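For reference, the structure is listed below as structure tokens.
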Amino acid sequence: MTNMMRFQLFTLAFDPITERFNDEAVQDFLADKEVESISDHFFVRGAMPYLTLVVCYRPQGPTPSAPVPEPKGGRQRDESWRDALGKDDWPLFNTLRDWRGEKARAEGIPPYVICNNRQLTEVVSKRPKTLAELGHIDGFGDAKLKKYGPQILSIIARAGSAPPQESGHAAQ
């Protein structure tokens, strides 16, 4: 049963020199996994900040009929979430992704701890208007809703009040 849900726990120490959590081990581990969700827990022990990640994933194995090509010069990432976005979704997705990157840099955490691309795609597709609606998206628990929810909803609301991009064009 290679499609069974699995969990992996990572504890990352904060590196005061780079002012980041070294997530290289996490990135390497996730190279061949389909991530369902990542929960983060921040704590301090002996004045040293730590970030614990609980990764819920499914292994991605090659199908017997489709050989998997070897990545050239690095690992391959699952980019299937891109297929779920229409051309009108990309401006909001990019705005949310930029916000996520800025927020992650400010907090010294990897962007996927805030939310991964698949979760961002679902936010863009569903365009929640309330924290309760945002909470129905996998990966948005109480802590993330409280910490990031109002900002995400504000970005969505501003995007919704922008003039439609198709104005002045004939319907196809």
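Yeah, the Cβs are placed from backbone N, Cα and C, and that goes for glycine too.
In TrEMBL, annotation is done automatically, which means it is predicted and not curated.
Taken from TrEMBL, the feature region 'Disordered' covers 63-83. Sequence annotations record features per position, and here TrEMBL assigns compositional bias 'Basic and acidic residues' to 72-83. According to TrEMBL, the feature domain 'HRDC' maps to 86-166.
Per-residue confidence over the domain 'HRDC' (86-166) averages out at a pLDDT of 87. Taken residue by residue, the domain 'HRDC' (86-166) breaks down under DSSP into 57 helix, 0 strand, 24 coil.
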